[in-house]
Amino acid sequence: MEQAGTRPAATEHPRLRRPMPWLLLLPLLLLLLLLLPGPAASQLRYSVPEEQAPGALVGNVARALGLELRRLGPGCLRINHLGAPSPRYLELDLTSGALFVNERIDREALCEQRPRCLLSLEVLAHNPVAVSAVEVEILDINDNSPRFPRPNYQLQVSESVAPGARFHIESAQDPDVGANSVQTYELSPSEHFELDLKPLQENSKVLELVLRKGLDREQAALHHLVLTAVDGGIPARSGTAQISVRVLDTNDNSPAFDQSTYRVQLREDSPPGTLVVKLNASDPDEGSNGELRYSLSSYTSDRERQLFSIDASTGEVRVIGGLDYEEASSYQIYVQATDRGPVPMAGHCKVLVDIVDVNDNAPEVVLTDLYSPVPENATPNTIVAVLSVNDQDSGPNRKVSLGLEATLPFRLNGFGNSYTLVVSGPLDRERVAVYNITVTATDGGIPQLTSLRTLKVEISDINDNPPSFLEDSYSIYIQENNLPGVLLCTVQATDPDEKENAEVTYSLLEREIQGLPVTSYVSINSASGSLYAVNSFDYEKFREFFVTVEAQDKGSPPLSSTVTANVYVVDMNDHAPHILYPTSTNSSAAFEMVPRTAPAGYLVTKVIAMDSDSGQNAWLFYHLAQTSDLDLFKVELHTGEIRTTRKMGDESGSTFNLTVVVRDNGEPSLSASVAITVAVVDRVSKILPDTQRHVKSPRTYSEITLYLIIALSTVSFIFLLTIIILSIIKCYRYTAYGTACCGGFCGVRERSPAELYKQANNNIDARIPHGLKVQPHFIEVRGNGSLTKTYCYKACLTAGSGSDTFMFYNTGAQTGPGPSGAQAAVTDSRNLTGQSGQNAGNLIILKNEAVSQNEPRQPNPDWRYSASLRAGMHSSVHLEEAGILRAGPGGPDQQWPTVSSATPEPEAGEVSPPVGAGVNSNSWTFKYGPGNPKQSGPGELPDKFIIPGSPAIISIRQEPTNSQIDKSDFITFGKKEETKKKKKKKKGNKTQEKKEKGNSTTDNSDQ
């Protein structure tokens, strides 16, 4: 039986029972997660200064929330920007949970001048679910200087303003907030003004300029002040504004005359208008307060007012009536000067006029006729004017004579009371266009009376002057790649003639420039003389040319003159640098090798580039843009040499990737880059390229190897065949001319060191003296290359060789005195094959010595292959310059490098490329490793040497020195398989040749 108040349990439908856990439990679970403290819901606050670089760390959100990212799994942590700011200033590193700056934040642009600048973020984590609010406050830095609304303020203050007057000045604005905003103002020192600051509101002040001392415009009409606003940042920033105070004038000064009393004398026959005196008064005020008006004061009598007047503006006192000495001998005139101020002020003076008694009637000159203008080519005695004279006096006072200035090209011819004015000299309108001829008439009275008459005679023009240019020549500089029609220059010619005789037209004289008429390059405006470019100029095609401009007037006949306009095409930076060495093929990096034992400063290679531009546009600068190890390599800025900065160690990698950028000095700058792979090896024999980078497939690799083997075999065969043929030719020449030349070697007596040093210079100079008894293919090379070393070589060339590659070998002889620390440099072999004069950095000297009669040594049949050369069959092996001078006990000698495939030690010599400017990569030399180098005495040769174009090392043997003959070294060729019997036979032949030759000597000076 059921209890009261209870209800039977309702039966639930099965379909409604299933979704209950998801519909009811999920909202409850989310609400519980939001209410519970801990990592599920929290708020983080960070602060970061503005202007931080992208990537700057703000904080680690995962660590602050206690989340382990390794348990969350990928993609379980993300960040939302509340308010969707654009751009996204902050980002979250999903791997470490670090919150970092994504883009540069400018607080002033983001929040303007709000006290707090916040970025609100939301961090969401899944499994377990966590929602965290993140507030990042952007802190202000003092990155803005105070700035006034206007840089200059103009104030106008009357000099009557009393001290204490105030003038409002606009305050400065600073986008920063807090202490970084404007804090103080400073005013430059002034005895008249001071600055008063009144607080207006928070971080805002009212500026007032206060007058503390009265102004006087007459002492200083303009005052310059500097107002400075300083913020409170560390370091403080400031901004300035210029304040110019102009003092306005008030009428506080009276006019004053130069003298209080003026005394003058005046003839009684002075006609009306005669100037009595010119008065001058001054007023230090300005404007209307300083403008003066002259007048006769009330103290002047009416009679004097009838005889004299004064000009109100100029102060000139003139006669207006007839004067008579018998009536009055003197007059007193009172004059006042009044300014035009609001309250006019006046100054006074007195003029005393004394009348001088003279003859009352002066002669009168009457112009009867005037023939003007007169042509400038008028002949002498041409009549210009007809004059007559009259005098009211009688007797001797009536007799009048006329006169002219003696310097005028005119004269007077008189008959009775009439005169004619005629031409007496040459006229030139360009020198004097108008003559104001003053005719003087004098009577015979006592005292004599004189009157003047001025005649204006104009000279008419004839075309007697050609146009004249303002400049002797014009120099026009125009940048290349100009637009057609651009104005080059305006030539101007003047013609001192007038009217049509002075109208000038311009034209170009016909001539050809590079086979084209001048009008194909330049046109001219016939009226203005403006020269225009017809086409675009190219500096690389031609750099300058000239045109001849003719100026011609329109006279009859026309006259003309010419001037030369030189047009110089100015180079533009329109060519990027071109990298000559090292070069890469098939978009692969150039390959260089460095031994692991290389010391600091080791020369890895040298980047050689050129620029087709000129001047500073062709100045090249080398930069290391990218490298695997930033502190292991460096590149010289101007030479392009890549060197090691420290000693290679075991910790160094096996290969390094370098990117060298070459920039020119143009505007804008152009650049080129080259990628270089540097391999670090223990020994030269281990130098192998990274074939995995460049070989695309085994088939391609096998094809390249096959082609390389065929090419090397062909070159070796041709080289050996050439050596044999040349040896036969030299032996034949020896028989024909009696010189010591056999076995591919020519002997010449060695010069003294002083001679070698004296003949070294910076220009290529090949000299073959008359009667030189030496083979023309034996030369000595001295010069300075692009490297920072000095070189000296002797080259033995084969007769008739068509190759542009020289083989240099060392003599071991003393080099002679030279600059301290001089080192060897490699010369481009192309400069030694008939192209002298094209490279100003080398010197070629042909020895002018007697031919040595010593018997040459026999070849040594010892050929050895180098492991590095075997590696060179698979890659491009570049070599480095060598031949460093060393001071030995007997004077300067040279260290002889050797290379042997059987030498495993790191001290063995290494093969490096010659990397100087203009160096042919086929010329190979050697460089010692960092270990103990082989010390060779004077006259010694290395045991082995590399033949260009052949993968072999040639043994160089040296016979013991003999006191009766010169030291000789020979390069011998042969194979290891030759028998000792063959050697003995050759030595026997050599002994027999010594007996025949006698005292012949050989000079071995190749390096």
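Any Cβ shown, glycine's included, is placed from N, Cα and C.
According to Swiss-Prot, the protein has these features:
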- 149-257: domain 'Cadherin 2' (DOMAIN)
- Asn280: N-linked glycosylation site (CARBOHYD)
- Asn436: N-linked glycosylation site (CARBOHYD)
- Asn586: N-linked glycosylation site (CARBOHYD)
- 594-691: domain 'Cadherin 6' (DOMAIN)
- Asn657: N-linked glycosylation site (CARBOHYD)
- 709-729: transmembrane segment (TRANSMEM)
- 730-1007: topological domain 'Cytoplasmic' (TOPO_DOM)
- 856-859: repeat 'PXXP 1' (REPEAT)
- 856-951: region '4 X 4 AA repeats of P-X-X-P' (REGION)
- 889-892: repeat 'PXXP 2' (REPEAT)
- 930-933: repeat 'PXXP 3' (REPEAT)
- 948-951: repeat 'PXXP 4' (REPEAT)
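Same-chain residues at least 6 positions away in sequence with a Cβ under 8 Å from that of Asn280 (N-linked glycosylation site) are, in sequence order, Phe257, Asp258, Gly315. Within its own chain, Asn436 (N-linked glycosylation site) has Thr454, Leu455, Lys456 as residues 6 or more apart in sequence whose C-beta sits under 8 angstroms from its own. The 10 Å shell around the Cβ of Asn657 (N-linked glycosylation site) contains 15 further Cβ atoms across the protein chains shown. DSSP gives Asn436 (N-linked glycosylation site) a strand state.
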